[in-house]
Amino acid sequence: MKKIGITGGIGSGKTAVTDYLEELGYTVLDADLMSRALTAPGGKGIPYIRKNFGDQFITAEGGMNRSKMRDLVFRDKSKLELLEKGTTRILVENLASEAEKLEREGCEVLFFAVPLLMEMGKLSWYDSIWLVTASEETRIKRVISRDGVDRGDVLRIIKRQMSEDEKKKLASEVITNDGDLTELRDKINELLKKYHLRDYHEDPDVISKKKSNL
Ligand code: ATP
């Protein structure tokens, strides 16, 4: 099974890329969704939270108390590191076990949407890493119109993230998403060709077969 990681900074267009890949019939594992599930009631990350932060950080329903945790890690950097260390390890393990499961079920190509892929390390685990990028101004405008936040909020997040130049050095492919969605889709189609992956648009039978297997 080929494992392809999709990453990029805030507002770069990762979701636009993975939405298109899913539309084509590919399977995508979303690290953000998985991360949230790991600290939801019954999640695999809950024992770590309980052990390292105490019962007061667990809600009555058995999930992580997100607002309480947010307050704590905002005040105390060492607690933020403790939280990130544990949750990142559990996320990486979970991504690997889900990937193994999908491979056993016959999945041939698996995409991963991982915003902090470069920061998390283990880059060699992926067969290829595709970085989605766009100019800072484009990203700011897109996030403002998507989330209704102000410019300062987006800039603060951008400044905290690894720089685009550093990420470009680690990426196998760079998808520049400064144009419209048609241009983005054309770039994805080109990459699928380059990697000898099917453009499922060409074969409606394959699309419906793949979708029914999900
Ligand atoms: P985040 O890391 O913040 O979740 P992301 O990298 O997943 O962001 P998207 O949500 O895909 O980014 O894109 C940000 C916004 O820009 C969305 O509203 C999306 O619809 C829009 N967008 C993305 N690419 C394009 C494009 N090429 N043309 C027009 N709008 C776009």
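Even glycines carry a Cβ here, placed using N, Cα and C.
Straight from TrEMBL, the features:
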BINDING   Gly11, Ser12, Gly13, Lys14, Thr15, Ala16  ATP binding site
- In the chain carrying Gly11 (ATP binding site), residues 6 or more apart in sequence that have Cβ under 8 angstroms from it: Ala134, Thr138, Arg139, Ile140, Arg142, Val143, Arg146, Val154
- Additional residues surrounding ATP, by Cβ distance to the Gly11, Ser12, Gly13, Lys14, Thr15, Ala16 centre under 8 Å: Gly8, Val17, Val132, Ala134, Arg142, Asn177
- Note on the structure: Thr15 (ATP binding site) has its Cβ surrounded, within 10 angstroms, by a count of other Cβ atoms equal to 18
- Task: Out of Ser12, Gly13, Lys14, Ala16, give me whichever of these binding-site residues has the highest number of other Cβ atoms within 10 Å.
- Result: Ser12
